[in-house]
Amino acid sequence: MGRIAVAVIVSLWVIPVSFLVNRIVPEPYMDEIFHAPQAQQYCKGNFRSWDPMITTPPGLYYLSLAHVASLFPGMFLIQAASSFSEVCTTAILRSVNGVLALLCSILVYEIITHLRPTLSERKATIIAVVLALYPLHWFFTFLYYTDVASLTAVLAMYHASLKKSYWFSALLGALAVVIRQTNIIWMFFVACIGVIDTTLTHERDKIEVNENEIDAAIRKTDRLTSKNNVTWGLNLRKRKFSSALDTDKHSIPSTSIFSANHTSGLLDEVQVILLRSWHMKWKLLVSFSPFLVVLLAFLAFVRWNGSVVLGAKEAHAVSPHFAQIMYFGLVSALAVAPLDCSLGQIIDLFQSPWKRRPLSFFQVLMAVIAGFFSVHYFSIAHPYLLADNRHYPFYLWRKVINAHWSMKYLLVPLYVYSWFSIFTVLGKVQRKIWVLAFFLATAAVLVPAPLIEFRYYTIPFYFLILHSPITDSQSWLLMGFLYLALNALTMMLFLFRPFHWSHEPGIQRFIW
């Protein structure tokens, strides 16, 4: 088992499904009609060409050039292609995401084993394989979209940060931003988590140094005192160190992801981190300055471009779409339901507001009010959502959310429950400041997006599920089978249930 096993298992479906998709849908479809021709222009060396309908930077196209360059010598030798540009077919461009999906699954495995060092290889392999089946990630593995490349770059950045390679992490963060500009938020999130871990690791190292100093003093005392005095000194030392350690544990959460201390409040955590950040300011500046450089470069680009997106600016204007964060909560809670949904857990979650009255009840009340306020005033029906019946959100909007004027309000308790479930899952293993940073990063990515696109939820979902404390193999296997069934259904609809529009020629297909 291990990373090789993960790559082999994932390739068992990536290769055959890719052949099937390319056989039945050989021509670019949906957004591919913009991405594929643009990449082919780059393959011809025409780097000044740009389709004004493309909203994302050219990072995916540069990765595609590297992929094509690796294939060209072999294809030239077997006379499958006589020029570099001939290799840039739709099938070859799609295979970029197939390769990245394999790399992504290995990164997931590496992150899991780093966050949970006591987890067996077998369980880590199961989790990595199941996450490779996550429907929004799995489906776009076989099309030439930016989603798989974006997720892979963000996870690579996070993995490098976990390994304390902050400069390399910032470089990967720059790559992630060049693939999709909203990844600047996830780069900032990773940098913040790195600062938090660095400050708290520094305190733990101080404790270890103090323990070593005490041990040295005791050993020196051993040479000068009798056996009875040594025993008294050792006991005193143990009591003092134990007291100091207990005090530290109450003030600073552990740096281990599965031993985080939650007795301190959020404000206490913020205060401690700010104070230690000030004392370590020069060390932090050296370690994390590359992230700052990327951030400043991004801000300069936005000022020069006049917008975050590159093309189609009118259709993708920043909008206060607060209902989007509600939709993400429900979709993510449903996606992890096999792991974290049981009758007992539901009852506990509903009873929790009454266990710590009045604070918990007040929090739930405010969340419900905020939910109603969001769906009433900040629920956006984008023209693309209303007009494009190829996307599943089109049907969810018409048949569920907008089925009746009251429906969007009736769903608010479900949204609130979903987010409280997410907070409960993360709260078991993460510090409060981490949970807050995750929520703010998710909101910063999703709220400005006026269009409901479930694939926008992929990166925050992976951060959520990677930090889930549940390692039960049966639950993960159940979730894997459910993902597999959903993937089979969506792919069958995509490939074998095409339809036509009366107002536009060509075959239309159902897609996420």
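Residue numbering: from 1, along the chain as shown.
Heads up, the Cβ atoms here are built off N, Cα and C, so glycines get one too.
Lifted from TrEMBL, the feature list:
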TRANSMEM  6-25  transmembrane segment
TRANSMEM  60-80  transmembrane segment
TRANSMEM  92-112  transmembrane segment
TRANSMEM  124-146  transmembrane segment
TRANSMEM  166-196  transmembrane segment
TRANSMEM  284-304  transmembrane segment
TRANSMEM  324-347  transmembrane segment
TRANSMEM  359-385  transmembrane segment
TRANSMEM  405-426  transmembrane segment
TRANSMEM  433-456  transmembrane segment
TRANSMEM  476-496  transmembrane segment
| Any chance the transmembrane segment (124-146) and the transmembrane segment (6-25) have 3 or more Cβ pairs under 8 A, given the pairs are 6 or more apart in sequence? | yes
Segment-segment contact (the transmembrane segment (166-196); the transmembrane segment (476-496)) at 3 or more Cβ pairs under 8 Å:
no
Note: vs the transmembrane segment (405-426), the recorded stretch with the largest number of Cβ pairs under 8 Å from 6-25, 60-80, 433-456 is 433-456
_Contact between the transmembrane segment (359-385) and the transmembrane segment (433-456) (at least 3 Cβ pairs under 8 Å, separation 6+)_ = yes
In the same chain, residues at least 6 away from the ends of the transmembrane segment (433-456) whose Cβ sits under 8 Å of its Cβ atoms read 136, 140, 145, 147, 182, 185-186, 188-189, 192-193, 196, 260, 266, 269-270, 273, 308, 316-322, 324-325, 327-328, 331, 380, 382, 384-385, 391-393, 397, 423, 426-427, 463-464, 512
